[in-house]
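Take a look at the structure set out below.
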């Protein structure tokens, strides 16, 4: 097991280029199973989760060449219909093969997923949506067993108790490409990654419209017979994380290769806090040197403030004078970073789904332990701003979602190194 050792207190400066979006790469790799033609995917990040997804699709029958963030992938025929536990347990997004396997083969056996330990994230909406398309599903002995000889288009409402579901929207969309007739997904997720998957499917020959709204229309046809070269979108969460790195260290960072339209809610919050963000031709410039003020954050589905950014903002707000709040409406138990930040001197109280943050003057270096991907990022950010040395343990979470994280930070002037425990 590895850890980061961080000597904090340095203002970061320089330029960082954003990698491709993990949350686009994973479902798009799974979606490549829908065609027997070669697909070339550009801007695929080198991440542990991507490696896990590639391991999974290879076990199903894909042939892969992955060099310099360009992935060549082709699945001439399926040799398996199963996503086994020993692969799926490593990554929740493994369930994205469910829709493509049903669409192409008429059956699938997928282990119930693993991933970050941030509270229950049931797959009920996935099952509901697929059943509406005529899929027979049985959940037994830790596996989803699905079968359908004749997928049929239908109206599928994906409204859940916590709002829309990105995963369910994508899985139903993937399966519906092979359904007879038209599928209408209502209460669809609007996230940029959903749009990216839909655009990729259209490149393969699908007929999808409405992506980016709460109603998506899929006119089913089979097979998808185009090979295609496609470039995935930049990772908006990585861009937001590096923007916080500039703000929390009172630094000046130029962030390139990001899509500003995907960052509106995050940039609006920086403006409220008092962090200067200048829009550039190729990205943005973050200047964290000025005085900052407390704020309130309400987490919501896109285009609202993203749940994947609340941990990083909790670290930032912890050293801003005044009282701030973060209300988490998407996932339960997603304030697990709070206890570790308190070890570094933060003053945080958790009241149900709301974190109350009383800003302190500074963080002090400490030994802390990461619990999930975004909590890991928050602890690294706090360590960069802290006085003294911080050791972040269990950084394998970070390797699931950030490409060359410490390398990029070192290029900005951070004193951070990876070492074995």
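Heads up, the Cβ atoms here are built off N, Cα and C, so glycines get one too.
As recorded in TrEMBL, the features of this protein are as follows:
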type	residues	note
ACT_SITE	116	active site, proton donor
BINDING	22, 23	phosphoenolpyruvate binding site
BINDING	92, 121, 122, 123, 124, 125, 308, 330	UDP-N-acetyl-alpha-D-glucosamine binding site
DOMAIN	7-409	domain 'Enolpyruvate transferase'
MOD_RES	116	2-(S-cysteinyl)pyruvic acid O-phosphothioketal
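Positions of TrEMBL features highlighted on the structure.
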residue : record                                        : DSSP class
22      : phosphoenolpyruvate binding site              : helix
92      : UDP-N-acetyl-alpha-D-glucosamine binding site : helix
123     : UDP-N-acetyl-alpha-D-glucosamine binding site : coil
308     : UDP-N-acetyl-alpha-D-glucosamine binding site : helix
330     : UDP-N-acetyl-alpha-D-glucosamine binding site : coil
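Looking only at other Cβ atoms within 10 Å, the busiest spot among the binding-site residues 124, 308 turns out to be 308. Here the binding-site residues are 22, 92; the one with the fewest Cβ atoms within 10 Å of its Cβ is 92.
Rounded to a whole number, the C-alpha distance linking residue 123 (UDP-N-acetyl-alpha-D-glucosamine binding site) with residue 22 (phosphoenolpyruvate binding site) is 20 angstrom. Packing around residue 123 (UDP-N-acetyl-alpha-D-glucosamine binding site) is summarised by its Cβ count: 20 other Cβ atoms lie within 10 angstroms of its Cβ, all protein chains included. In this structure the C-alpha atoms belonging to residue 23 (phosphoenolpyruvate binding site) and residue 92 (UDP-N-acetyl-alpha-D-glucosamine binding site) are separated by 11 Å. When pLDDT values are averaged over the domain 'Enolpyruvate transferase' (7-409), the model yields 95.
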